[in-house]
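Asker: Handing you a structure now.
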Amino acid sequence: MVLLFSLLFLVFYAGSVLSSCAHGTFLHPRAAGGIGELPNFDYGPVRGPTNWHSISRENILCAVGLQQSPINLNGRIPIEPVGFVRSSIPRQDILFENLGTTAEVVLNGTTLVRGVGEFRLKQFHFHTPSEHRILGQHFPVELHLVHTSVANPSQIAVIALFFQLTSRGGFSDLERIITHVPRISSPGQTVGLRGFDFGILSRTISSMPMFRYVGSLTTPPCTEGVTFLVGTQPLFMNVEIFNLLKGVTRFNSRFIQADIPGRQNVLLSGLHNIGLTNQQCRRLVSGRELIGKPGRRNGNNRGGRKGKNRQKEVVSTIVSGNSTQVVTSTVQQTVTSSNLVTETTRNGQVTTTISSVVASQTAMEDYQRDRDDDRRDDRRDDDDRRDDDDRRDDDDRRDDDDRRDDDDRRDDDRQRQEQDQGRQTVQTTANTATASAAFIQRRNYMHFGRQA
């Protein structure tokens, strides 16, 4: 039982490494009265970022997309100069609403992006804390101004601005709106506000360099191809105003997806890190039962007979018989399809999670076997490297000994040569002296002989 719950926790964590969080960039449809539909996701453990892909098949990019936002803005993300973005937000009446996942302001405005086109401002909303980071640093608040293209309304652009906290007055255009947060304290509440001026906000956007990259909505359905323009300099918000805002937004920030757009989604990377292949990851992501919707009885499962057979066929290929019996008897579930969608009348989410545990157990065992094989190979490689190093050391020592022997032989030869040269010099000197003495003796003999 301890092993079962340990495995449950491991795969729940792996699955939670498989989604994202945020809200606001998704343009919610509005009823006749202008009130937006509340989103069907949140930032908790069940419907939060790590399970967004399970809420609807339309959210699959939240798990497997390759251009997901937010990201860590580093030196490889281009910065556009002042004037690249031109914003114009007129004085107007606005709608301030609590969507349950963020506080949103519905308004109108126009933004020109050089070389990209003209966009219509539809709404802005808040994330606490920030979703994007600059060189790893996050901020207390991130504002998203969501636009659609005039030429192609399906094309979305988001201007993101960071806010630091201050004990003094902050950004007045927004703080005047946030003071009305107590009037929308419950999800679904809205309040109309008249005559708000956004001149400071427009001028700030138009006078700031911007990071630019192509990413995605940071909320379901995590649609990609979204142009992000992120301010390079944080603005300021009064700490008391921030506390008012946080009372509605709470935590609503999706975690970082990558350092560079186009790299693998961090959730998919998480599954790869525990040893799942691409195929296993896709099967695990796409095969889950939708959260909160109990599995329907399969038409081939009347009387439960074929459901049990299907369970035996599918599960037996994934776990051993003992483990299968433990899981099924504990959860009291019936597998009704090859992708391990479970049938239950209660706790549908729990049984689905356990089915995912069953589905990943073999992958984990295979991964551990492969890891053990890799470790053995690494040890053999290390032994071979050590043997090679020892052989090289022995060769080096022999070479050193040979060099020393050669040096000794050369020294001996040099000494012998010096000794021979010394003996030759002495002998030559002696011969010269003997010859000189003989010459002197003959000369003296001849001289004295004449005198006699």
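Each position is counted from 1, following the chain as shown.
Glycine too: its Cβ is placed from the backbone N, Cα and C atoms.
Caution: TrEMBL annotation is automatic and unverified by curators.
From TrEMBL, here are the annotated features:
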COMPBIAS  352-363  compositional bias 'Polar residues'
COMPBIAS  366-383  compositional bias 'Basic and acidic residues'
COMPBIAS  384-410  compositional bias 'Acidic residues'
COMPBIAS  411-421  compositional bias 'Basic and acidic residues'
DOMAIN    39-294  domain 'Alpha-carbonic anhydrase'
SIGNAL    1-19  signal peptide
Asker: Same chain only, please: residues at least 6 beyond the ends of the compositional bias 'Basic and acidic residues' (411-421) with a C-beta under 8 Å from a C-beta of the stretch. Say none if there are none.
Answerer: none
Asker: For the compositional bias 'Basic and acidic residues' (366-383), give the DSSP counts of helix residues, strand residues and coil residues.
Answerer: 18 helix, 0 strand, 0 coil
Asker: DSSP on the compositional bias 'Basic and acidic residues' (411-421): how many residues come out helix, how many strand, how many coil?
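Answerer: With helix first, then strand, then coil, the compositional bias 'Basic and acidic residues' (411-421) has 11 helix, 0 strand, 0 coil.
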